[in-house]
């Protein structure tokens, strides 16, 4: 029972495309040879010494948080992270990271979080804007030359939409221009305004074919200076991006929902805290695995009653509480991302079946390991103004 590391990477890159990662992030293979043969995969949020202890020799450790996120100028064994890298390499173990690409993927980190709360996801809190891969060309062509220009740009790769080819749209109008000294007009005279019946021809083409379409258009167009526009088409928002919005099976009080959150997540020393009217009804919820205070403004206008995330700081939470009735539920960072480990395991098991041993490491890697609370020390019935 085994698989090549390269085959596992292919599956992970399909599930959590690297192009979804934030520009500052570090994702993918950290150490290991893609041609290595694996017999086991261990999944965790963090790569720590205790977690690595559970990874079999020649196995893969798949983690959410990058071990080497910021600029690194040494992996000497005398450094904490360097020592981990050396341990992995010496024992033939590999390390792979799926971080913000897993945050934005569908399903991804926030989908897993929503699932453990019993939410049915129906929207993305902050959709990921796609990279423009298509251009729309608008070309103004004298009527008698339209067919030739269309044929040329189609041959260069334009005009394909799904299973259709030679697609275009046109409308007739009037073009106007005045040739000046040095021009060699096909139509009109130097110094005289000329008006010509022209078609506005629109076609789409892959952005990668821009140079070919431009060359073909120039070659077929009768004018020495054709009038044309190129618009980069941004894909509409889809089901990928940060955070998710979902609906509970039935409304429940905020206090009941907070209890639901606490029961669904692994216990941590910081537990679960919330702000809002305990008796308010909650039916629609926004969630974001990991640090999510950057999405507070979106949660405030998302038609939800509550927002679950991690690492909420005092001032952003205070400003939100003053301006919005959306309840905030703050959980431990590690706990909010741990459900993703099970999701990633399902992805791998569904592809490799019994050919690979896939397990989730249950070691709590939350850095906070102690906590204390003195009940009734502080009133929560109001605030100082």
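Don't overthink the numbers, they just go from 1 along the chain as shown.
Glycine is treated like the rest: Cβ placed from N, Cα and C.
For residue 64 (divalent metal cation 1 binding site), the same-chain residues that are 6 or more apart in sequence and have a Cβ closer than 8 Å to its Cβ are 44, 45, 46, 97, 98, 99, 102, 109, 337, 340, 341. Taken from Swiss-Prot, the feature divalent metal cation 1 binding site applies to 64, 103, 337.
Annotation source Swiss-Prot lists divalent metal cation 2 binding site at 65, 333, 337. Sequence-distant contacts (6 or more apart, same chain, Cβ under 8 Å) of residue 65 (divalent metal cation 2 binding site) comprise 45, 46, 47, 97, 99.
For residue 333 (divalent metal cation 2 binding site), other Cβ atoms within 10 Å of its Cβ number 22.
Straight-line distance linking the Cα atoms of residue 333 (divalent metal cation 2 binding site) and residue 103 (divalent metal cation 1 binding site), rounded to a whole number, equals 13 Å.
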